[in-house]
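Colleague: Next up is a structure, given as structure tokens.
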Amino acid sequence: NLYQLWKMILQETGKNAAPSYGFYGCNCGVGSRGKPKDATDRCCFVHKCCYKALTDCSPKTDSYSYSWKDKTIVCGKNNPCLKQECECDKAVAICLRDNLDTYNKNYKIYPKPLCKKADDC
């Protein structure tokens, strides 16, 4: 669910997810649409595509189990749907961490109407 995603992002990046990524670029957070602005925004685009690939799942509300061991996210024993949701969230948290150097404050609250049509997943 969103709380677990935000928690993973905080653990991996040290950034509070909602204010840092909630309106970032064209693909992070609310109203995501459009060609990614940078590598950070691309992480969110890939995450959105990961969620889209989940059929019969509710990734924004489902609750899965995971742990934080030795600074590593470990998805727990979940049903297949929950396992994949956890893996999607883990991947975006790691991607955001790996691209912290591309984080651009100018994209933190980016006007979505300026976003061009996105690539297909």
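A Cβ is built for glycine as well, from the same backbone N, Cα and C atoms used for every other residue.
It should be emphasised that the depicted structure is a prediction, and the values quoted were computed from it without experimental measurement.
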Colleague: CYS57 pairs with which of CYS28, CYS75, CYS81, CYS86 in a disulfide, per Swiss-Prot?
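Modeller: Cross-referencing Swiss-Prot, the cysteine bonded to CYS57 turns out to be CYS81.
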Colleague: In Swiss-Prot, CYS95 is listed as disulfide-bonded to which of the following: CYS28, CYS43, CYS44?
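Modeller: If we follow Swiss-Prot, the cysteine bonded to CYS95 turns out to be CYS43.
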Colleague: In Swiss-Prot, CYS121 is disulphide-linked to which residue out of CYS49, CYS50, CYS75?
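Modeller: Among CYS49, CYS50, CYS75, the cysteine that Swiss-Prot links to CYS121 by a disulfide bond is CYS49.
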Colleague: Going by Swiss-Prot, tell me which one of CYS26, CYS28 is disulfide-bonded to CYS44.
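Modeller: Swiss-Prot annotates a disulfide bond between CYS44 and CYS28.
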Colleague: Pick from CYS49, CYS75, CYS86: which of these disulfide-bonded residues has the biggest number of other Cβ atoms within 10 Å of its Cβ?
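Modeller: The residue with the most neighbouring Cβ atoms within 10 Å is CYS86.
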Colleague: Checking the disulfide-bonded residues CYS75, CYS95, CYS115, CYS121, which are within 10 Å of CYS44 (disulfide bond) at the Cα level?
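Modeller: Final answer, ordered: CYS95.
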Colleague: Sorted by position, what residues of the same chain at least six away from CYS81 (disulfide bond) have a C-beta under 8 A from it?
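Modeller: Listed in sequence order, they are LEU54, ASP56, CYS57, ASP62.
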